[in-house]
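S.K.: So Swiss-Prot lists the following for this protein:
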| type | residues | note |
| --- | --- | --- |
| BINDING | ASP25, ASN27, ASN29, GLU36 | Ca(2+) 1 binding site |
| BINDING | ASP65, ASN67, ASP69, LYS71, GLU76 | Ca(2+) 2 binding site |
| DOMAIN | 12-47 | domain 'EF-hand 1' |
| DOMAIN | 52-87 | domain 'EF-hand 2' |
| DOMAIN | 123-239 | domain 'Calponin-homology (CH) 1' |
| DOMAIN | 267-378 | domain 'Calponin-homology (CH) 2' |
| DOMAIN | 397-506 | domain 'Calponin-homology (CH) 3' |
| DOMAIN | 518-627 | domain 'Calponin-homology (CH) 4' |
| MOD_RES | SER268 | phosphoserine |
| MOD_RES | SER293 | phosphoserine |
| MOD_RES | SER326 | phosphoserine |
| MOD_RES | SER339 | phosphoserine |
| MOD_RES | THR391 | phosphothreonine |
| REGION | 109-382 | region 'Actin-binding 1' |
| REGION | 383-627 | region 'Actin-binding 2' |
Amino acid sequence: MDEMATTQISKDELDELKEAFAKVDLNSNGFICDYELHELFKEANMPLPGYKVREIIQKLMLDGDRNKDGKISFDEFVYIFQEVKSSDIAKTFRKAINRKEGICALGGTSELSSEGTQHSYSEEEKYAFVNWINKALENDPDCRHVIPMNPNTDDLFKAVGDGIVLCKMINLSVPDTIDERAINKKKLTPFIIQENLNLALNSASAIGCHVVNIGAEDLRAGKPHLVLGLLWQIIKIGLFADIELSRNEALAALLRDGETLEELMKLSPEELLLRWANFHLENSGWQKINNFSADIKDSKAYFHLLNQIAPKGQKEGEPRIDINMSGFNETDDLKRAESMLQQADKLGCRQFVTPADVVSGNPKLNLAFVANLFNKYPALTKPENQDIDWTLLEGETREERTFRNWMNSLGVNPHVNHLYADLQDALVILQLYERIKVPVDWSKVNKPPYPKLGANMKKLENCNYAVELGKHPAKFSLVGIGGQDLNDGNQTLTLALVWQLMRRYTLNVLEDLGDGQKANDDIIVSWVNRTLNEAGKSTSIQSFKDKTISSSLAVVDLIDAIQPGCINYDLVKSGTLTEDDKHNNAKYAVSMARRIGARVYALPEDLVEVKPKMVMTVFACLMGRGMKRV
């Protein structure tokens, strides 16, 4: 950090800036590039036209990026705040950062954390999440010690401290992610709590949460902004799970004239929700909305939406629910919002927003409110007579989902909702190269928003660059793979590249732990067998294709060898195993691996079916954890 910047800045201010930098630096690579700035302005929900935002970003990059490497380092970020403070551009930038949900108040007032730095957090989010979690876990005997929480106090930040609530919420969002037998529920010593928090964090990572900046100690301390950030990711994954065509074919009712199913499938859950709300608003004769913030502040669109989706009592066993529209004409916005929420309550959907959240247009909480409405009352009918190719709706394979969750857990941006469609401009792939220490020259990369004309050309250039990096600096085997294949969304060839990225990422972790010694399959297999042997275990593996792996006994034994005594062998079946036995062993093995601190992305089925690629990642993660033994 150069002297000039440091002399004018206090330690508290510096910590604050670090906090802000981390929030803008979505992929946590230590630099901010222009697409991250675009995201910041998008999330801050500022009433600026697109061209204005582009202008501001260009100016920030021009003034801030002093060494002209196409990205802003932390030093340059500090410089923007110190030197460019007075300019309108910097003021707008600071406003965007302060408005971004859950960000520290730069030069504002907020709760002081233990280190004396400022972290603000959204009281509205806390209130909303507490009510949602209270409802979700009200009948769970394992949570009686903390549920119900008081939404008006700091109960939430204490309640997540032992990891149980987090594990339960993860399972509600993606059922069966965590084997309940692996959650420590009794005699909660600090060590046992640490294990639960490991289990929660590594499982959150496996379902696609970005947890790079969150440690178990942050959760134990109940750091508000980190707790809320993690909970929002977990809750959102659950809310969005069914807003996806392959899991909900009735969404095809939202097809527009001349639109193909393939085009509809490329929409993100947020875009589909907006399309869904507008479908019902159109049927009610009300005007379209463009967002879940400014356009819903007067609650009028919500009144019409509720009236459209409320059950009309026409199906068998379905009671009719009438929405009272009289509050629509209320003159006061807050009273109108309250009246609307009372109607939502009739549908059992008074969740996530208070009248004030509606009137202020809180984008995050309104999105959650609408997603919950969709999940309870989609009010869509699958189109029967149209010429639709339903075979497209196969849904993603396990392998595709694992790759997607791995990418999202690393904080790539934009978020990957659809593996092939969302990689077609290669931006995500280029960010993954950075994660595996392959330098990317961002000045060569075309970034959104792409021009209307020639957009695909810009994306194709990125794809060509991604393949070029794979062949040369990364030394991947990419025979027969060209940029066009990524741009076309060719599944086999895209997967081939993505697997090599994930494999390299996994091996890099091992090499970092092993003082730079190269790691490969043979080294991992021999380490596994040596470790099992030294611990007096009778299991061993020949390779990652070894059929005996399907019992998961070698994995379970290895976990017990790494952390002696952690496996409860009463829960492990051996001898002649049924498919159910194998599945239960695998489920326990994956959760226990995560509990002792291995970030395993694979699924129990990968072990049962002995999928060599995923099996390799499991053993590599365990080897990494084993090498960390102090």
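Here the Cβ of each residue, glycine as well, is placed from N, Cα and C on the backbone.
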S.K.: Of ASP25, GLU36, ASP65, ASP69, GLU76, the binding-site residues given in the record, which has the fewest other CB atoms within 10 A of its CB?
M.R.: ASP69
S.K.: Please report the Cα separation of SER268 (phosphoserine) and ASN67 (Ca(2+) 2 binding site) in Å, rounded to an integer.
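M.R.: SER268 (phosphoserine) and ASN67 (Ca(2+) 2 binding site) have their Cα atoms 36 Å apart.
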S.K.: Run through the Cβ atoms and count how many others sit within 10 Å of the one on THR391 (phosphothreonine).
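M.R.: Within a 10 Å radius of the Cβ of THR391 (phosphothreonine) lie 7 other Cβ atoms.
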S.K.: Counting only other Cβ atoms and using a 10 Å cut-off, which of the recorded positions ASN29, SER339 scores lowest?
M.R.: ASN29
S.K.: Which one is it: of the binding-site residues ASN27, GLU36, ASP65, LYS71, GLU76, whose Cα lies the shortest distance from the Cα of SER339 (phosphoserine)?
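M.R.: Going through ASN27, GLU36, ASP65, LYS71, GLU76 one by one, the Cα closest to that of SER339 (phosphoserine) is GLU36.
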S.K.: Relative to the Cα of GLU36 (Ca(2+) 1 binding site), which of the recorded positions ASN67, LYS71, SER326, THR391 has the closest Cα?
M.R.: LYS71
S.K.: Round to the nearest Å and give the CA-to-CA distance linking LYS71 (Ca(2+) 2 binding site) with ASN27 (Ca(2+) 1 binding site).
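M.R.: Answer for this pair: 13 Å between alpha carbons.
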S.K.: May I have the DSSP-based helix, strand and coil counts for the residues of the domain 'EF-hand 2' (52-87)?
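M.R.: With helix first, then strand, then coil, the domain 'EF-hand 2' (52-87) has 23 helix, 1 strand, 12 coil.
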S.K.: Around SER326 (phosphoserine), which residues of its chain at least 6 apart sit with Cβ under 8 Å of its Cβ?
M.R.: SER339
